Amino acid sequence: SLLMWSCRQAALKSHMRIHHGKKLVVCKDCGKSFRSQDELKNHWRLHTGEKPFACDKCGNRFSHKHILKSHMVCHSEEKPFACDKCGKTFRQKFALQSHMVCHSEEKPFACDQCDKRFSRKTSLKIHMTIHKGEKPFACSDCGKCYRVAGELKSHIVTHLDLKPFICGYCGGRFTRKASLRLHVRHHTGENLLPCDKCDKKFARKSDLLKHMQFHAKVENVKLANSLKSYI
């Protein structure tokens with residue numbers, strides 16, 4: 001049919017751009033170029049803050065489907081990737097690959113502040129926070145700060161008993177009833193704040209304002225382009 005032929009032609013044209021290295025679709029906000037409208041659409045979520053993919057286990061939301069898929073592993077009890085050196089198991093292959101480095105005697109990453117050496121660059125980076133006194137990971141409940149994400153994660157568990165309000169949809173826990181009500185909106189779609197520029201809706205006013213900034217940037221770019229045409 002004519003429709004099928006048209007779709008095939010569009011798919012072929014998009015595919016040929018890969019071979020020719022053409023990037024014909026440009027983001028009006030930052031100028032970055034892409035091979036297809038789908039790639040541009042995914043990129044735009046970085047500017048809009050849109051997170052359409054929700055985890056049905058904990059309610060966390062993500063900008064891309066593959067990030068959600070990677071996140072879902074943390075809810076699984078399965079650890080199919082086993083280390084043949086020590087037997088330790090992992091949920092993801094990259095975690096096993098990262099672990100295997102600890103069995104290697106090579107330590108190419110040296111600290112320039114002391115004589116310690118490390119097998120992984122990430123381990124050196126974590127070690128350097130000791131010399132710099134940095135504690136970038138802060139607890140959102142009490143404000144206590146930690147050097148690495150793992151320390152913060154262990155600390156957060158101590159707050160679980162202080163979160164009596166539980167979401168009936170996903171099991172997420174909250175310290176305040178108001179926070180729970182706000183969270184439930186993502187599941188029900190009720191009382192969401194609409195954008196008057198498009199069909200997007202948001203539970204938080206701050207998220208709506210951030211989204212509106214995106215529209216403002218797009219309008220500024222359009223205005224700048226129109227002014228250039230008169231010069």
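Using N, Cα and C of the backbone, Cβ positions are placed for all residues, glycine too.
Just so you know, TrEMBL annotations are computer predictions that nobody has curated.
Features reported for this protein in TrEMBL:
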- 25-52: domain 'C2H2-type' (DOMAIN)
- 53-80: domain 'C2H2-type' (DOMAIN)
- 81-108: domain 'C2H2-type' (DOMAIN)
- 109-136: domain 'C2H2-type' (DOMAIN)
- 137-164: domain 'C2H2-type' (DOMAIN)
- 165-192: domain 'C2H2-type' (DOMAIN)
- 193-220: domain 'C2H2-type' (DOMAIN)
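Between the domain 'C2H2-type' (193-220) and the domain 'C2H2-type' (53-80) there are fewer than 3 Cβ pairs closer than 8 Å, counting only pairs 6 or more residues apart in sequence, which means the two stretches are not in contact. Over the domain 'C2H2-type' (109-136), the average per-residue pLDDT in this prediction is 85.
When the domain 'C2H2-type' (137-164) is classified with DSSP, helix, strand and coil residues number 14 helix, 4 strand, 10 coil.
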